[in-house]
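I have placed the structure first, in the form of structure tokens, so that the comments after it can refer back to it.
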Amino acid sequence: MKDFIIPTDDRDLGTPARDGAPVTLSIDGVEVTVPGGTSVMRAAALAGLTIPKLCATDNVEAFGSCRLCVVEIEGRRGTPASCTTPVAPGMVVQTQNDKLRKLRRGVMELYISDHPLDCLTCSANGDCELQDMAGAVGLRDVRYSTGANHYSAAGNGMLTPRDARATRTAPAGDLGNPNYIPKDESNPYFTYDPAKCIVCSRCVRACEEVQGTFALTIEGRGFDSRVSFGAKTDDALASDCVSCGACVQACPTATLQEKSVVELGTPTRSVITTCAYCGVGCSFKAELNGDQLVRMVPWKHGKANRGHSCVKGRFAYGYASHKDRILNPMIRDSIDQPWREVSWDEALGFAASRMRGLQEKYGRKSIGVITSSRCTNEETYLVQKLARAVFGNNNTDTCARVCHSPTGYGLGQTFGTSAGTQDFDSVEQSDVIMVIGANPHAGHPVFASRMKKRLRAGAKLIVIDPRRTETVEGPHYRAAHHLPLRPGTNVAVVTAMAHVIVTEGLMNESFIRERCDWDEFQHYAEFVGQPKNSPEATEMLTGVPAADLRAAARLYATGGNGAIYYGLGVTEHSQGSTTVMGIANLAMLTGNIGRQGVGVNPLRGQNNVQGACDMGSFPHELPGYRHVKGAEVRAVFESLWGVELDPEPGLRIPNMLDAAVSGNFKGLYCQGEDILQSDPDTKHVAAGLAAMECVIVHDLFLNETANYAHVFLPGSTFLEKDGTFTNAERRINRVRRVMAPRNGYEDWEITQLLARAMGANWGYTHPAQIMDEIAATTPSFAGVDYAMLEEKGSVQWPCNEKSPEGTPLMHVDGFVRGKGRFIVTEYVATDERSGPRYPLLLTTGRILSQYNVGAQTRRTANVVWHDQDVLEVHPHDAEQRGINEGDWVKLASRSGETTLRATITDKVSPGVVYTTFHHPTTQANVITTDFSDWATNCPEYKVTAVQVSPSNGPSEWQEDYAAQAALARRILPAAE
Amino acid sequence: MSPDKLVRMANQIATFFRSQPGTDQADRVAAHLRDFWDPSMRAALAAHLAKGGEGLDDLAREAAQKV
Ligand code: SF4
Ligand code: SF4
Ligand code: SF4
Ligand code: FES
């Protein structure tokens, strides 16, 4: 395996980049030209000259506290700190001379006099900037004798460990060190050891500037000053800290240190790869010893994350080596039997003959595939190819069906393509940010940090969400407007905003005339202008005060660059597609499209939702969003694959399950998805799966779906394979194999083995060849190959002859479809209504530390933050029902019932309850119904009429389910 | 596949296109059904229509005839 050679400069340049007009100066006789505003320290670093530093690092603003970076500047008095001194034209700087050396040594001596100096046994040995700087300034001696300090009290009194080892005793009468503060090990992933802190405040600044949580402060003054996790508590876990790791990365010493480094030692090699959790798609440096992963560090050249991360990508990778992982293929004749471990050949032969047998008996279209948005582009491409070219039907769907399929339809109809319009950098230029049905704080944390930074700098925020989510308000910002709408009324709210913009004359007419279809606009303007669409008329329905809605609409239309970010709270409704169109209408009305700082941006839930959709995973579309009915498009693939393709759309996931229940759909290959836990109306999903005669689950763990499977093919983790993920910005990022697959094969190889077992002649030897095939067949990917990704790091599609460098912004000079199309968005109430039996509305969401169905994050220490799903109930509703904080409650809908614990909060409005779906024991989807989006069948997860009542514990269904699951998971030992 | 579900889905689609300007709503509903519904679903809808098409609203019914 070849390590990825980092092509870009990975050094810490000391202070952040600036973009002023070029300035030329001289440093140590070297002439250097840098952007105006750059610090002297950074300018020197860019010229290849290193100035010693401790309190500066290039992802936070300089602070100027350590005075190690002093320089002399001709014509200026004294010795200014180079990190806080900006360059000036013609400046002449000296970074090394006797005077500076002496000053620096003095500084180092002071630091070292209160540092334990147990370097050889320190976890940061070899990775400590204090150590490096001692070397760099030529520190040879410390003239101070042991005095007041913060050393360990482990029987050493106030001696350094070194001195204590030398003398073996504390001086008589020394009862230990009153200034010593013990190590804080409460966070599962990192430790805080105050004895080693040099109070450089890099961590405090990282937590504020990069992460935006403001969990850390420097407490006390002078000798007493120490980093603290907030005033109320001194414990990292109980503090506001969200465990993003930014402070750990910023810390120059072992004070804040990953526990994995303490345990495994400093890493010796690294591979650049991409996080496999959310749609932000952060770039990481996987750091290893041999094939032992030591830590994941966000990569500063990653264009989605710019060196930041969240707790999931940074720390929650332990599932890859969890004992629950299945490493051998298994089969069984029927689902009441235990699993039998078999060879790959036997498992694949069994699967292939069963699937072919089903086709012979029940017809070519009786089997299908489900691909996962967690898998790579290359893997999903192969899985849909398996359906189309090997099964000979179009029964391929992806879990994007149940999240962002309305985005595909809605943006396709209005703009002409299914994708976000911006890159994440764009948010830095937004003036008004409107977040609809999304909670980036929890779902897209690194994007949230970047957005919050912009909000702290003064941009305005509008949040449209039934809950007062964590995104609504945070340290040093608060939404200008939070519109807490009743679940299911998105279309009414979005249309009412358009009503305000149109009737108050706030639209951007020249943009509309130039860029959009004027006739369609006329119809639309006539429609939204009707009095029934006014905020006053819809207030009773939506629960949003008309005055607030008017103010928000005016702000979005007139507040400068307006950007919309939306999530599953928009799509997962009966009118999901209509809301997406309504959002596109708003952006076109106000001309907020086609430049930096504006746009329409779906926040994708899973890492590769965008890619899975791009790759032709939907049953009606070939790769690149081209309908299967197009003969010319089919011809491209037919000539390459040597088969005839079905011109008719295939079954979508809910259709497959319906068809299974009615006996027409019999076999499923399900890669990386747990439809039993993640899809709505669990009982219906279970009935569909139980009715199939061959279910092949290809996954890391025996997930819930596997309880109904006949073949289990063990999968590989993102650390164990090569490929690409495409994030919410359409950015194609490389996933690199960091270690060999523990299950023996990368996932794309397993799909290929299955295809070959079913008679295909596929012979890919590396995913790069699959990408070449994608590029050869799909115009928006025509310019993409692994060599260019290696060179550029990443690229945003479309990438082809017209845009060889990729496309950071879409619809710049014109919409992909030509003229932008306004579409009338009539509000239609969902059939799912509260009534006497089910008087409350349930809506669902997610939290920061857990991911999707939790299969990965539940198998990490992230459970300390969230070990069960709880139901949020408004105090008013709780009181009416006699429910107290922490009580077990029964949650029932017309689909089913489950039990979980309640928490009482006014984050939800009266009449609304809320829970997450991260834990299989709760099975929140037992409750959700089979209602779905009119255009795409995306399930209506976000609205279910329910009743809540006190309960004693798990429901009968939960107990039966647990018993059945235990039986279904039995594994017989392998035959001798 | 249960006709009830297909009827509900067809009516949902019809409801959207009914709100759109123009006179070709039935064609647009029919086109949507052809583009997104697997042939077996369309056949099931046709069979239901042949039996009287209970539950289909006017526009959905007109579209189902065109598919
Ligand atoms: S881990 Fe992140 S949130 Fe926690 S203190 Fe460090 S920077 Fe702040
Ligand atoms: S914990 Fe680390 S980064 Fe923070 S002040 Fe102490 S030494 Fe500096
Ligand atoms: S989960 Fe998302 S935000 Fe967190 S590190 Fe991974 S890609 Fe980044
Ligand atoms: S690095 Fe400049 S003062 Fe600390």
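A Cβ is built for glycine as well, from the same backbone N, Cα and C atoms used for every other residue.
Note that the structure is a prediction, hence the values are computed from the model and not measured.
Annotated domain '2Fe-2S ferredoxin-type' per TrEMBL: A:21-99, in sequence order.
According to TrEMBL, the domain '4Fe-4S His(Cys)3-ligated-type' annotation covers A:99-138. In this model, the domain '4Fe-4S His(Cys)3-ligated-type' (A:99-138) carries an average pLDDT of 88.
Per TrEMBL, the feature domain '4Fe-4S ferredoxin-type' maps to A:188-219 (among others).
Here TrEMBL flags A:232-261 (among others) as domain '4Fe-4S ferredoxin-type'.
Taken from TrEMBL, the feature domain '4Fe-4S Mo/W bis-MGD-type' applies to A:268-324.
Sequence-distant contacts of the domain '4Fe-4S ferredoxin-type' (A:188-219) (same chain, six or more residues past either end, CB-CB distance under 8 Å): 54-55, 57, 59-61, 63, 65-66, 111, 115-116, 122, 130, 150-152, 180-181, 225-231, 236-237, 239-260, 262, 307-308, 311, 314-315, 448-449, 452-453, 456, 474-476, 861-862, 864.
Outside the domain '4Fe-4S ferredoxin-type' (A:232-261), and at least 6 residues removed from its termini, the chain residues within Cβ reach (under 8 Å) are 54, 57, 59-60, 122-124, 127-130, 184-194, 196-198, 200, 202-207, 210-211, 213-216, 267, 294-295, 297-298, 308-311, 314-315, 445, 449, 848-849, 864-865. In terms of DSSP secondary structure, the domain '4Fe-4S His(Cys)3-ligated-type' (A:99-138) contains 26 helix, 0 strand, 14 coil. The DSSP breakdown of the domain '4Fe-4S Mo/W bis-MGD-type' (A:268-324) into helical (H, G, I), extended (E, B) and coil residues amounts to 9 helix, 21 strand, 27 coil.
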